[in-house]
Amino acid sequence: QDELEFSMGPENETAVTEFILEGFPELDPSMQLLFSWVLLLMYLTTVMGNATIIFLVCVDRHLQTPMYFFISNLAFLEIWFTSSTSIKLFVMLSSGQNTLSLSSCFAQNYFYFALGCTEFILLVVMSFDRYVAICQPLLYPAIMKPQLCVHLVVAAWVLGFALLSYRLLFLAELSFCGSKIPHFLCDNSPLFKLSCSDTSLLWKIDSVFLSCVLLGSLCLTLAFYICILSCVLHLPAASGRKKALTTCSSHLITLSIAYGSCIALYTCPAEDVSLRTNRMVALLNTVLYPFLNPFIYSLRNKSVILALNKSIARARAKL
């Protein structure tokens, strides 16, 4: 549907009722189709990988530990986070259906940021869990009790969604003079620039809030990892040091993608970032990072591979 629906407001202003997501207009149709299938493959792999982790943690008692409890929650979150943007992007690229109603756009914007905020809180919780396990191993069972783990996860989800609820109130009050969003999702900068309303307050609130969430969680996560690395370097066995350093380095690589992309998008002035750069960096955050997570945090782990092999063996035995 190429034509937009309009309604006349009380002051002869044209009220936009649908947006057009431009996506990647610089790509020709054949490249967009190829990109759509690559995206679909990555999305299905992301969903299957994270769903496999959740399934294994639920059925294998050896994986029912605080670490895997947090990882399974992260996997559940990643499925919803990537789904909030990837499904619409695939439809846009493969069929050209690039319109989105106001309510759908606002919902995508809210869930994108709420799930992102929840994820950063979960990453802090996971780094704290690893810090206690490696640096305080004797106290680990006493500190990381099941009740505390559940409370930490519930707090992450509640905080992430509650703190971002102000966005829905502000977005519902905005009126828009333009309909074309030069992005593949309803992100802040292109959405606010289309508004006829005064968005200065929302810009300031978003800038302060997102900077606090990003930089605050990054500082806490790095602090825990620095303590972990300090403890690892004092391990007596060289093999133990190598294994721990390999694990920490892979975690830090994925964290650098998540935090680096978000800091580039939401703490830099919008006018200093080109639209093409904005879209490419957003792809790292919404597609590549969720795709890598199952492999970095779980599917390279011997315990997870063993649990997967056992599940496959049981399934074959039943057949």
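Don't overthink the numbers, they just go from 1 along the chain as shown.
Just so you know, glycine gets a Cβ as well, placed from its N, Cα and C.
Unlike curated records, TrEMBL annotations are generated automatically.
Here is what TrEMBL says about this protein:
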type: DOMAIN; residues: 49-297; note: domain 'G-protein coupled receptors family 1 profile'
type: TRANSMEM; residues: 34-57; note: transmembrane segment
type: TRANSMEM; residues: 69-90; note: transmembrane segment
type: TRANSMEM; residues: 110-128; note: transmembrane segment
type: TRANSMEM; residues: 148-166; note: transmembrane segment
type: TRANSMEM; residues: 208-232; note: transmembrane segment
type: TRANSMEM; residues: 244-267; note: transmembrane segment
type: TRANSMEM; residues: 279-299; note: transmembrane segment
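For the transmembrane segment (148-166), the residues of the chain that approach it from at least six positions outside its boundaries are 66, 69-70, 73, 110, 113-119, 121-122, 125, 205, 209, 213, judged by C-beta separation under 8 angstroms.
Highest Cβ pair count under 8 Å relative to the transmembrane segment (208-232), across stretches 34-57, 69-90, 110-128: 110-128. Per-residue pLDDT, averaged across the domain 'G-protein coupled receptors family 1 profile' (49-297), gives 86. Looking at which of 34-57, 69-90, 244-267, 279-299 has the most CB pairs under 8 Å to the transmembrane segment (110-128), the answer is the stretch 69-90. Touching of the transmembrane segment (69-90) and the transmembrane segment (34-57) is concluded from the presence of at least three CB pairs under 8 A, sequence neighbours closer than 6 excluded.
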